[in-house]
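Copied from Swiss-Prot, the annotated features are:
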TRANSMEM  1-21  transmembrane segment
TOPO_DOM  22-80  topological domain 'Extracellular'
TRANSMEM  81-101  transmembrane segment
TOPO_DOM  102-115  topological domain 'Cytoplasmic'
TRANSMEM  116-136  transmembrane segment
TOPO_DOM  137-160  topological domain 'Extracellular'
TRANSMEM  161-181  transmembrane segment
TOPO_DOM  182-231  topological domain 'Cytoplasmic'
């Protein structure tokens, strides 16, 4: 019962993390920068992995998609690959979790379901690591440019999508670890012992081996006949 509750908690936590990680891909605010005037904000720049946008003081946004993938910076390509891998791994991890949980009717025997649930935990951990790496790589590029005094282009700050990605990655890792611990809890189930109360077998003294060679001692028919047997 305890292992089933752990699996349910792990599934809810992992799925929540996967949803958060997936929501970062279409989110616009991976990095944000504002240009302030004397009274109001004159422009707001924001970008994600696919496009860069600018919003003027009237609230009208103009966006421009990034050029060909071969013309992109290396860190953007790496972040794209890592985030797509995180979403894909989380999808397969959720399927494995459904087959491996004890509360479901699919997956085979308890031993097979335990192995599938452990595999789901490993996949969720990998998904969280991919998301954590992608968001951290993007954030490192932003902070490096922001604190570089020689960088003269537009400087950005961390956007909301990065924090959502970090939170989702943490939940995926925590859920995967709980899945793995639930398997170790299954292996600690006590085994019931059985005692045999049947009759003990005993060899009759007539059938015991006699002699060193292990031959049975048999008594042949009597060679002495009564005289009355013959007429």
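Heads up, the Cβ atoms here are built off N, Cα and C, so glycines get one too.
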Positions on the same chain near the transmembrane segment (1-21), where near means CB under 8 A and six or more residues out: 83, 86-87, 90-91, 93-94, 97, 100-103, 117, 120-121, 124, 127-128, 131, 164-165, 167-176, 178-179, 181-182, 185-186
Contacting positions for the transmembrane segment (81-101) when only residues 6+ beyond its ends and CB under 8 Å are counted: 4, 7-8, 10-11, 14-15, 17-18, 21-22, 24-25, 49, 107, 113-121, 123-124, 126-128, 130-131, 133-134, 137, 165, 169, 172, 176, 179
Same-chain residues near the topological domain 'Extracellular' (137-160), Cβ under 8 Å, at least 6 residues beyond its ends: 27, 29-33, 45-49, 75-76, 78-79, 82
For the topological domain 'Cytoplasmic' (102-115), the number of residues DSSP places in helix, strand and coil: 6 helix, 0 strand, 8 coil
PLDDT averaged over every residue in the topological domain 'Extracellular' (22-80): 84
Secondary structure tally of the topological domain 'Extracellular' (22-80) (DSSP, helix then strand then coil): 13 helix, 24 strand, 22 coil
